[in-house]
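Structure, as structure tokens:
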């Protein structure tokens, strides 16, 4: 792990301008003041519920659209736009493998184009090598196939192979397994882990599945309503969540060893919906759902508290009395 | 099967259009040859489809007219589809100001009353031969196609597979021509056939209203001439053949359109009859 992250988002904010039902101008605050650093040979998982800004953050990192404020840094240098050099370093794997491959083009078209665009040799043997790398064998047969002749898992492997064809140093996975059958998810996860170990890729793994984040990742970052609320080594974040929202997430993933109704969050779960990003609550955005909310939570966003195990959180509960960690 | 019939009919007319004059010579008939003994004669004998009130052969006129009608149809279709693709796809793919400008242009052409305008323009133009008519019809007929293609391109542009190729650093030109345009092929070919048929009908309509040059013969001009005399005298053999030709061409384009989807969509293409037979055997 080198000190300079390969790809980093520094204090980035993204607002989308839109119009509401009656045509009034509204600003959707999709991501606010988020910092995320990706290091070589490490997998960072980004977890949070739907609409928390995970995908937006990934697309900001991939330069799909410009940041409203903040910076995207590639090897410490600010990125100015999505040029070919950037494309050669950072690739994104989409959530839906049924949409991310052109239905009229054969597998080899995708891979060969990717190789050619980045001036890599693009012979049949190189296409086959890529397919071998993602365990699509027999390679020659898969190269000739059209997307509709492949299963979801096979398509996602093709999408990964296409991303790998440019020989990137960062792979951003936007819920890469959520559309796949449960039975083949593990294969794709293991493939990602192998790429980290063998190729030294820096990976961002976006998911709302805590169990897979724990299985795969080295670090876990938790987003809520566009803000980063907790981060740190995977085990510590998932085993000892500091932020009440992280605990809610962990508790809501099924665990056979936990008895039903033992969670402190049965009340919080009833509070339901995540907040509107057009008009987010002031202070900590989680306070309307948080059973431990205090006065300061309603007025001001909490500063970051660091913990000895490398984790950190933005929560008032840890700012004032760190020893007073809420226990379920 | 449907497609084959459709293609067969279109191919038949295309062949007649190409070899028509030669075919007339071969049969010893001509669109302007006047046979005074055969004036208003019903089908049969020396005149297979009968003769007109001027004594000209209906079959010879229909054969000669095929060329002009097909030329108008094909030329207007090509002009119309090229304009529709260029304007529609460009507007949809690039968006922003380019889109605003091109959409304005499209909408303007869309609300123009095409037939009266064509009449006026045709009235001003000196030579209203088939090429001129085709130009007018093509130049005024592209707007609906451009709108459809713009909408389709707009939807395709944002799809994940286009995003993914853009993420690879793919060039704009190739994004349009290799990734987006093939998905529009079905639309484009269906639209083209529609334009061709529309042009043939428009040409017939214009000729019927008297907008055509006196020395050209097309399906439309035959019907126009028949209108003046044939209906009063019950000379059905004069206007039915050219009318039937127009109707047949319309049916054929419809039949081909049914099949275009199957050709363009690889998922439908897998139902390969040979492969199925092999599997069943």
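Here the Cβ of each residue, glycine as well, is placed from N, Cα and C on the backbone.
Curation plays no part in TrEMBL annotations; they are all automatic predictions.
Record features (TrEMBL):
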type: DOMAIN; residues: B:66-257; note: domain 'ABC transmembrane type-1'
type: TRANSMEM; residues: B:5-23; note: transmembrane segment
type: TRANSMEM; residues: B:71-94; note: transmembrane segment
type: TRANSMEM; residues: B:101-125; note: transmembrane segment
type: TRANSMEM; residues: B:131-149; note: transmembrane segment
type: TRANSMEM; residues: B:175-202; note: transmembrane segment
type: TRANSMEM; residues: B:236-260; note: transmembrane segment
At a threshold of under 8 Å on Cβ distances, which of B:5-23, B:71-94, B:131-149, B:175-202 pairs most often with the transmembrane segment (B:236-260)?
B:5-23
Counting only residues at least 6 beyond its ends, the same-chain positions whose CB falls under 8 A of a CB in the transmembrane segment (B:71-94) are 17, 102-103, 105-106, 130-131, 133-135, 137-139, 141-143, 145-154, 156-157, 172, 175-176, 180-181, 184, 188, 191-193, 195-200, 202-203, 218, 249
Near the transmembrane segment (B:5-23), which residues from the same chain, at least 6 beyond its ends, have a CB less than 8 A from one of its CBs?
63-64, 66-67, 69-71, 245, 248-249, 251-259
Restricting to the same chain and to residues at least six past its boundaries, which positions have a Cβ under 8 Å from a Cβ of the transmembrane segment (B:175-202)?
69-70, 72-78, 80-81, 84-85, 89, 93, 115, 118, 134, 137-138, 141-142, 145, 148-149, 152-153, 156-157, 161-162, 165-166, 219, 246, 249-250, 253, 256-257, 260-261, 263-265
Under an 8 Å Cβ to Cβ limit, what residues of the same chain, 6 or more beyond the ends of the transmembrane segment (B:131-149), are close to it?
71-81, 83-85, 87-89, 91-92, 102, 106-107, 109-110, 112, 114, 117-118, 121-122, 125, 184, 187-188, 191, 194-195, 198-199, 202-203, 206, 211-212
